[in-house]
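Written below as structure tokens is the structure these notes are about.
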Amino acid sequence: MHPGPTGRNPHRLHNRRTHELYYLRMQRTREKPEKMPENNKARKKLRVCVATCNRADYSKLAPIMFGIKAQPDEFELEVVVLGSHLIDDYGNTFRMIEQDDFDIGSKLHTIVRGEDEAAMVESVGLALVKLPDVLHRLRPDVLVVHGDRFDALALATAAALMNIRILHLEGGEVSGTIDDSIRHAISKLAHYHACCTRSAEQHLIAMCEDHARILLAGCPSYDKLLAAHYRDDYMDIIKNWLGDHVKEHDYIVALQHPVTTDIKNSIKIYELMLDALISFNKRTLILFPNIDAGSKEMVRVMRKKGVEQHPNFRAVKHVPFEQFIQLVCHAGAMIGNSSCGVREAGAFGTPVINLGSRQTGRETGENVLHVRDADTQNKIYHALELQFGKRYPCSKIYGDGNAVPRILKFLQTIDLDEPLQKTFCFPPVKEWDISQDIDHILETQSALAVDLGGTNLRVAIVSMTGKIVKKYTQANPKTFEERIALILKMCKEALSDAVCLNCRILGVGVSTGGRVNPQEGVVLHSTKLIQEWSSIDIRTPLSDALHLPVWVDNDGNCAALAEKKFGHGKGVENFVTIITGTGIGGGIIQHNELVHGSTFCAAELGHIMVSLDGPECMCGSRGCIEAYASGMALQREAKRLHDEDVLKVDGITDMKNNEPVSAVHLINAARLGNSKADAVLQTAGMALGVGIVNILHMVNPSLVILSGVLASHYQSPVQQVIEQRALPSARSIRVLTSDLEEPALMGAASMVLDYTTRRLY
């Protein structure tokens, strides 16, 4: 039998005794206080009221409550319980507070059921109606409030209006939803702050809070989870909740809450997550969502899919925190949008898939993979494949296990004789300021883009809007050492210029020919046009010298990324970009993601064979698209016609003796009526069109984008081949020519601009 969400069990009793002993030892080992002068009155006990609204905030408040209880000479503890603690559908979690031997002074039923926006507002109003009587009766010196819930906002509002000092836990953080507004509103009402991270501390200072009243404590739950990290009975806990046959690191913990500012989309993400988990076929512990607007619809989706009866799932309303810690610690992955995933899970190195926007602004360790645009089941499933079973370095961004002693000491420093009215520390205001245009401000975030061509090496400063602010071009050296030295020289020059141009460089993107491993930043082997450029680690020397993150990819893939961010591919889920230049290359975007393939050659489109006995290609094979339709192939045919003296036509001037024959001469001859030149172009267009038909039948994109100098010449013949030879279902697919002048540079920049601030999937 599994213990019920509120039943007594030995794990809870063990944990409670452990914490009581810890705080008693802490009390005994404190230095003896200095003897107070006889003329000073003994300090009275500080009456602290801790108000808890739900299972999540109790996990942060409980360690403080144990600490206060362990110092009866210093503090008098009052406990107020409200919100979802008192609702059966959410586990009646007030019972775990009673099981921890805390006396609950008041239980306030403040939730108006309905789980929509109006119900949340009405719940705040109901709490404001009931709280004054309780606070008047308890008369606390300090009210401790946690986090960013709407119940906590009611608590802070009531206490502030009743002249009760407020200590706010975990203020200053950023997540990305309405929670931010509530959290910052509570911070403005609070008199004292105990925050978790250095960034949160700086945010509070930026919000004009008094630095002297801000404590950088760390998260109180870390005191508990770091102390209980290694428990001998963790397998008993795992089996208790998930069954006897579950192994360590071979199950998933899922916890997804509604996003109140985008309820419809959050329900869609929840449904896609469930579909992905069902397909992934791993044992999964899934917790019910919180009580925010939209939770009822999420539960309805869960039940519609039969999750509660599914053999791979265990759906629960509540797990005691000390057991939940063990379940997260030893999971193969955690998925959803709970703050636990981006905060507590990092302490164990547990891989996390964070879905949607609810935790967008949170500081995270490298264990978190963000799927912000979680719009397909396949995307979430692939994220599970990438993360499941991995282990990451443990992160202590949110605490070191010593938050509670700091908070208790901070409480002891509160002077009740100080004026209650809080003051704000506003920065000095200039007498005048120069106004700025919003477009100018947005364009300051920029990338360094590097394009390694066969002839030239180019570097550009590219803004967030895709504007090339400044471009630098040099001849591409022949040796590796000279090439790296020149890249660094040009990048350093661009970085220096960026300061004067008001551009903040976020990173470096490199576009290069050949097969590239973008995960390692290594060119595996390059084209014949770029010598000494195989098995080359580009990322490391550039990143070490420039102190910036560096991304590297194939030039065809970069062209596809450029179209996705700045061109015709913007907003298109599935499309193919084909570069028609000296060679033939391209990139494939499938479900909004670039396809690399298992050995990073998924988009070598120029080497699709369209004939078994065609002309020889530079790759060593025959009949490739590139052997027919590339600039080099057209130049080869132009030379052949020139040698046969059949390239000239009326209207075309004689070529100079030293002028090399090029594809341009062939195109001009065809335009002026040369039948043999026109036949070459027709064959080239047919070969390219047949290759594209093969692509349409394999990956079924909704759009084909032709890029490069030959794109305009091939658009019409390619469209004709598609209409004649493609399956009926693929004949309506559009073929467009790119409007981007610098696709390689723009694509290199897009790698930086899309991925530099945090890991995105």
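Just so it is clear, glycine is given a Cβ too, placed from its N, Cα and C backbone atoms.
Annotations in TrEMBL come from automatic prediction, not curation.
The active site annotation in TrEMBL covers ASP555. Per TrEMBL, Zn(2+) binding site is recorded for HIS607, CYS617, CYS619, CYS624. Among the features that TrEMBL reports, domain 'UDP-N-acetylglucosamine 2-epimerase' is placed at 73-411.
You'll find the Cα of HIS607 (Zn(2+) binding site) roughly 15 Å from the Cα of ASP555 (active site).
Looking only at other Cβ atoms within 10 Å, the busiest spot among the binding-site residues CYS617, CYS619, CYS624 turns out to be CYS624.
Calculated from their C-alpha atoms, the gap between CYS617 (Zn(2+) binding site) and ASP555 (active site) amounts to 19 Å.
Report note: the Zn(2+) site is defined by HIS607, CYS617, CYS619, CYS624, and the residues of the same chain whose CB lies within 8 Å of the CB centroid of those residues, excluding them, are GLY606, MET609, MET618, GLY620, SER621, ILE625, GLU626, ALA627. Taking the Cα atom of each, ASP555 (active site) and CYS624 (Zn(2+) binding site) are about 19 angstrom apart.
Remark: of the recorded positions ASP555, HIS607, the most isolated position is HIS607 (fewest other Cβ atoms within 10 Å of its Cβ).
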